[in-house]
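Below is the structure I would like to discuss, written out as structure tokens.
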Amino acid sequence: MPFQIKPTKFPLFSPVLQVFLLMDTLFRLVSNLQPSDQSYNSSTSSKNSVDLQNHCFLNPPPPEQCFTSSFMVDQPHFSASSSSNHRPDKDHVHQDHEYISTINSTDRWFAPLDVNLEFSNGWASTLIVQTAIAIVDNNASQIQQLMWMLNELGSPYGDIDQKLAFYFLRAMFSHVTNSGERCYQTLAMVSEKRSCFASMRRMVLKFQEVSPWMTFGHVASNGVIMEAFEGEKKLHIIDISNSFCTQWPTFLEALASRSDETPHLRLTTLVVARSDKKMMREISRRMEKFARLMGVPFKFKAIYYSGDISQLNFTELGVNDDEALAINCVGAFRSVTPVDNRRDFLISLFGALRPRIITVVEEQADLDSDGVDFVKDVQECLRWFRVYFDSLDGSFPSTSDEKLMLERAAGRAIVDLLARAPAECVERRETAARWARRLHEGGFKPVSFSEDVNDDVRALLRKYKDGWTVLDDGEGADAGIFLAWKGQAVVWAAAWTPEPLDGEKSRQSSCSH
């Protein structure tokens, strides 16, 4: 039965005092952050209503900071006991946070909040959307009530609704306080300092083991690149991806098994400047060792760039005329800023290189917004990340450090999407149809996946749990093929080749005669 939230004796501070308290605790928290050396596997305990002291990420803050710090940073470790799929108990909603005791009580209480929550399914979406509406309406008292409820009910260790409540609360709080940039940079800094090559490699490999989310694009791209390179002796792949080169060992194996002479492969991977150079050296060493084992002549080079990929000087990549060139883009487009037509400019840069083929793998979501309609942005984020979290729950065991790392990354993406300026965002996903239009307008034409490649993709999905399917292009825009979780498209893969130039058209026409 739906549960009617009862009025709570939660003091209503003046708007000025609310902003002062929230901003003060936020800035003290962020300025004092230090990375934690605690293990992911340390044991913690939690209750159905979240124990906020256990949410304080690093050095436990003073009591008055618990409300803000509980969702301004990620949790340091995973708790098997707290990850059980329990539901918040409607009769067990605490209202005795220690930080309240630091404020003199007043005689003003909240009026009843008319919210019906079905705790069996989707209650977080109701609260989150109503919070977004209150933010747009500038309703300070309702914002405070709803955020307090999300803070009470949310947890990064609970079920999907609890996780959504936890991560969206942090993003919307950052939006309200104009602290999205600081929050995002803090989360990114902590993540980078706590990660190492071993943990990142373990996370990526585990993700690929239990879910086709990444391997779907790898198999589709490798297949179409191999077909485009048929008969070529010198190959060059420019790799713009976020999968730490895990795509390429199977490609090297396929090259080694070709019936003709094994071609020479040059792999140039583009890496953001802040990436760990030691990690990339280790990847290079492993790739070169594997290529020697496969008997494939191979050269690896990492090129570091600042800003987004559209600001890179592509003429410095050393593309040779005697090489067959492929550009592989996996999760690369969404990091390009959507302002000033930079995404269209990136397509023109690709066209100038005249590649044999471009492969594109991206996530299927409409998250490229100018921020005008905040409620709509929140709703699309909710739809997308609910499906994503559900796919993680359906793929990983209930207690998994790797799943927690992926969920934390999703939490940072939610902050990026809802609380940062569009020019600074790195998570602005667009649908396959919109990218197809860009590529068409940039002088490219689609390349269909062959039946062999489609068979390889379908065979891949049979290795995973039920729920994953492949959908053909349903958008009518040559958008490629789609990976779907429970019928909802989540990742798309497509291949494109440049339209012939005028001189090339003339040569082709004369050859045909």
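Note that Cβ sites are derived from N, Cα and C of the backbone, with glycine treated the same way.
Feature annotation from TrEMBL assigns region 'VHIID' to 204-269. Here TrEMBL flags 325-416 as region 'PFYRE'. Per TrEMBL, region 'SAW' is recorded for 419-497. TrEMBL lists 235-239 with the feature motif 'VHIID'. Among the features that TrEMBL reports, signal peptide is placed at 1-32.
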With DSSP helix as H/G/I and strand as E/B, how many residues of the motif 'VHIID' (235-239) fall in helix, strand and coil?
0 helix, 5 strand, 0 coil
Could you count the residues of the region 'PFYRE' (325-416) that DSSP puts in helix, in strand and in coil?
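The counts are 55 helix, 13 strand, 24 coil.
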Which whole-number mean pLDDT does the model give the region 'PFYRE' (325-416)?
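Averaged over the region 'PFYRE' (325-416), per-residue pLDDT gives 92.
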With DSSP helix as H/G/I and strand as E/B, how many residues of the region 'SAW' (419-497) fall in helix, strand and coil?
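Once the DSSP states are binned, the region 'SAW' (419-497) shows 25 helix, 23 strand, 31 coil.
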